[in-house]
Number of protein chains: 2
Amino acid sequence: MRSVFYISDGTALTAEAFGNALLSMFPVTVEQRTIPFVDNEDKARQAVKRINEAHQASGLPPLVFHTFVDLNLQNIVINSEGVCFDFLQHYVQPVADQLQLAPQPRMSRTHGIRDDYSARIDAINFTLDNDDGSNISDYEQADIILVGVSRTGKTPTSLYLALQFGIKAANYPFTEDDGFESLKLPKSLKPYRHKIYGLTLDPQRLHEIRNSRREGSRYASLQQCRFEVAEVERLYRREAIPFIDSTQYSVEEIATKIIAETNLKRRHY
Amino acid sequence: MRSVFYISDGTALTAEAFGNALLSMFPVTVEQRTIPFVDNEDKARQAVKRINEAHQASGLPPLVFHTFVDLNLQNIVINSEGVCFDFLQHYVQPVADQLQLAPQPRMSRTHGIRDDYSARIDAINFTLDNDDGSNISDYEQADIILVGVSRTGKTPTSLYLALQFGIKAANYPFTEDDGFESLKLPKSLKPYRHKIYGLTLDPQRLHEIRNSRREGSRYASLQQCRFEVAEVERLYRREAIPFIDSTQYSVEEIATKIIAETNLKRRHY
């Protein structure tokens, strides 16, 4: 199998994002390896050794996606037997020309601690403190409140909003306590209805997810899933709460769709 | 101020990663806006309108970083007044040549639901269930167990490991109950010491973080922070537990350093 390496003198997260986006255009299965923090000549030579060994093992030259600040280390790596791609190469000069500024490469530039860092950590803490309807007194501070029945993706989406974008996302699960037979917007949520966003899911998929947690329970039964989903969607429509059916979407897609639709202000880029 | 747009017919997360990495090389402050899910001509023309308005407002042509699968929509956007950068452009053909495959662009290719998706969701659920020492019976299943005193970054790091890499990361906080005066590895952790990784922090920084949560408390006092950090670092050294001082590092950097050092297997690329 073809090997792919992501290499950097930093986290290599940018090299991964770059390589992943490119490779996802091709119907190919590859063996992926990341070598981050290659910040001295020894480590660079070790990386070269691993690239060359992968070449010997498969007979195919590995693809190497790299982002180095230190050009001396980069030089060592691009003299390996891999086919090397530096994704900044073609773009730095055109951007410099537009900005009329010279580039000033420095370490930890993309994923280090920046001005907006504590806002992100605050958002993560807020989201954890307000997970699963656990702290309804804090909704005043929330940027958004995700609602939905159990296992429709509220918690992963909240966490992604906090980690990636610094957004304070609370979430509130509708449960038996809210009375599915005549579901109403809970009192604690009423003052914040402008911040509420609903999630829903195909009942069959919900049934499968719940069954893998509590097999054979009433909670997981298809009948119960159908009932809860129907009631909650009826509530969304009656109260004009915007909502998304998350069945076909990943956490990243749900989170970015919600931001696009609500014009939620991000604290982190 | 110069405007920067990230535009895509998908999440635009790749366009953001690409533009961010490039812009972080320049000492410049920009106004950033993301327009995701530009998936019809109407939305493409609206995006063009926003780009042109930003040009009029500042007198500077906006920088536009885009990743389109639909080339018809891309064409509409690159005919705006912005300076447009397509980061795949220079790399698709060389990669295609190497792989001897034609590219097959499709929607949701990078951030959609893929084979490894449920592993990631499982990891997030595991990490939440095992946050803050709350479920010490599950350590058998953990890929890694982060330990440290309160407020040293265990929870954000665990969540990042789970969300980004699909790693099941438990965490255990050392507290007064563990007896800082003669700190030992708790019994519940002993069978899993090969999975344990320690976090520590500069006592002054820890004092500031704790003070913003519980101002003036004994818990937040510089003296208490110094004492706890000294005791926990002594434990790490005595028990040969690998550890990292997170004072200078972001969550991304801590997580990727831990993976690199422990050879932790990722479930998601």
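Every residue gets a Cβ built from N, Cα and C, even glycine.
Residues within less than 8 Å, Cβ to Cβ, of B:GLY148 (ADP binding site) and separated from it by at least 6 positions along the same chain comprise B:LYS154, B:ASN171, B:PRO173, B:PHE174, B:GLY198, B:LEU199, B:THR200, B:LEU201, B:VAL232. If you look up TrEMBL, you'll see B:GLY148, B:VAL149, B:SER150, B:ARG151, B:THR152, B:GLY153, B:LYS154, B:THR155 marked as ADP binding site.
Within 8 Å of the Cβ centroid of the ADP site, not counting the listed residues B:GLY148, B:VAL149, B:SER150, B:ARG151, B:THR152, B:GLY153, B:LYS154, B:THR155, the chain contributes B:ASN171, B:PRO173, B:LEU199, B:LEU201. Listed binding-site residues (B:GLY148, B:VAL149, B:ARG151, B:THR155) with a CB under 8 Å from any chain A CB: B:THR155. Using a 10 Å radius centred on the Cβ of B:GLY153 (ADP binding site) and all shown protein chains, the other Cβ atoms total 24.
For B:SER150 (ADP binding site), the Cβ neighbour count at a 10 Å cut-off comes to 18, with all displayed protein chains included. With respect to Cβ neighbours within 10 Å, the binding-site residues B:VAL149, B:LYS154, B:THR155 differ, and B:THR155 shows the lowest count.
Under 8 Å, Cβ to Cβ, and six or more positions away along its own chain, B:THR152 (ADP binding site) finds B:LEU199, B:THR200, B:LEU201, B:LEU206, B:SER246. Reduced to three states, the DSSP call for B:THR155 (ADP binding site) is helix.
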